[in-house]
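In what follows, a single structure is set out as structure tokens and then discussed.
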Amino acid sequence: MQKLIILLLVAAVLMSTQALFQEKRPMKKIDFLSKGKTDAEKQQKRSCSDDWQYCESPTDCCSWDCDVVCSG
């Protein structure tokens with residue numbers, strides 16, 4: 001009976017450590033992907049034509065002026 005309890009405890013520890021490692025892996029991927037260019041650097045490469053372009057934030061516009069559509 002004691003051997004069974006020890007075996008179950010070891011299995012529980014192994015499963016919990018595996019779960020911890022799996023939680024940390026996506027965070028590393030996110031950190032790797034987020035170390036890209038800044039918004040300003042990304043905008044320099046795309047064509048800056050804000051004519052009637054829908055936006056959600058100022059970073060979506062070349063003019064950095066967003067009010068449902070880019071203006072400026």
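Cβ coordinates come from backbone N, Cα and C, glycine included.
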- Note on the structure: Candidates E23, E56; Swiss-Prot annotation 4-carboxyglutamate sits on E56
- Cysteine from C48, C55 that Swiss-Prot links to C66 by a disulfide bond: C55
- Just choose from C61, C62 the cysteine that Swiss-Prot connects to C70 via a disulfide. C61
- Query: For the disulfide-bonded residues listed here (C55, C61, C62, C66, C70), which one has the lowest count of neighbouring CB atoms within 10 Å of its own CB?
  - Reply: C62
- Note on the structure: Looking only at the recorded positions C62, C66, C70, S71, E56 (4-carboxyglutamate) has its closest CA neighbour at C66
- Euclidean distance between Cα atoms of C55 (disulfide bond) and C70 (disulfide bond), Å: 6
- Which residues of the same chain, at least 6 positions away in sequence, have a Cβ lying under 8 Å from the Cβ of P58 (4-hydroxyproline)? W64, D65, C66
